[in-house]
Amino acid sequence: MASGTTTTAVKIGIIGGTGLDDPEILEGRTEKYVDTPFGKPSDALILGKIKNVDCVLLARHGRQHTIMPSKVNYQANIWALKEEGCTHVIVTTACGSLREEIQPGDIVIIDQFIDRTTMRPQSFYDGSHSCARGVCHIPMAEPFCPKTREVLIETAKKLGLRCHSKGTMVTIEGPRFSSRAESFMFRTWGADVINMTTVPEVVLAKEAGICYASIAMATDYDCWKEHEEAVSVDRVLKTLKENANKAKSLLLTTIPQIGSTEWSETLHNLKNMAQFSVLLPRH
């Protein structure tokens, strides 16, 4: 991993999921309420620093957790972070494990997704906003930023965390949990973990030309595992409370590493990909 003097300034957006959105991780915090062409984001942006790296924290479900997954304004959230100058977005998300080896309390640095959502806008280029003209066909073969993932994986190893270096996330619409038949089906599809928020967040970040990576915290075994209690809200919150410090320490240690790494080529490539994926109207 290259380090040294950075020629490209970075700013890290942090989207905190259920139980993983503690603003105390930021030094010198200030709040900023913003609006976007797509409406208001989930909550105020919390601006601050982590070891001299500029960061912007946003609670995905609102600070009081009042927004269900289907109603999160993913477009506004990503747009607001982009407008604030974020080059990277690192998110935390609770998830269910679909694999024996991914135990509750483990971290997964996911590298792929399967989309089972049905109600969510997945593009800024929806034809109704002058700020995003045209139609965007963004490539998603590699949805998550490999370089950011590598920094997260290396840091997790140094911290001695139980961390899985890859995994496929299936995102369901929610807010209900899966039936047992669905849970079995997702396992046969090759999914490793399950949540309700990765899509469309990762897609919109790619359209915005942002380096996006996700820290997924396994809280349960969903409902496929025999002789194991099925997922419930109480169980998810209990596991998060016991293990949230792992995600916190990973963020606090990773972000200075990102701040000392050269990103100009990565960001240039992402910007070009986003730009050249848009088909503009013919005149």
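Just so you know, glycine gets a Cβ as well, placed from its N, Cα and C.
Copied over from Swiss-Prot:
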type: BINDING; residues: Thr18, Arg60, His61, Thr93, Ala94, Thr197; note: phosphate binding site
type: BINDING; residues: Met196, Asp220, Tyr221, Asp222; note: substrate binding site
type: MOD_RES; residues: Lys51; note: N6-acetyllysine
type: SITE; residues: Ser178; note: site 'Important for substrate specificity'
type: SITE; residues: Val233; note: site 'Important for substrate specificity'
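Taking CA atoms as the reference points, Ser178 (site 'Important for substrate specificity') and Tyr221 (substrate binding site) are 11 Å apart. Ranked by CA distance from Arg60 (phosphate binding site), the recorded positions Lys51, Asp220, Tyr221, Asp222, Val233 have Val233 at the top as the closest.
When the C-alpha distances from Lys51 (N6-acetyllysine) to the binding-site residues Ala94, Asp220, Tyr221 are tabulated, the minimum falls on Ala94. Within 10 Å of Thr93 (phosphate binding site), as judged by C-alpha distances, the recorded positions found are Met196; the full candidate list was Met196, Asp220, Tyr221, Asp222, Val233. Taking Cα separation as the measure, Met196 (substrate binding site) is nearest to Ala94 of the recorded positions His61, Ala94, Val233. DSSP assigns Thr93 (phosphate binding site) to a strand. Across Met196, Asp220, Tyr221, Asp222, which the record gives as binding substrate, the greatest C-alpha separation is 15 Å. Taking the binding-site residues Asp220, Asp222 in turn, the residue surrounded by the fewest other Cβ atoms inside 10 Å of its Cβ turns out to be Asp220.
Here the recorded positions are Lys51, Arg60, His61, and the one with the most other Cβ atoms within 10 Å of its Cβ is Arg60.
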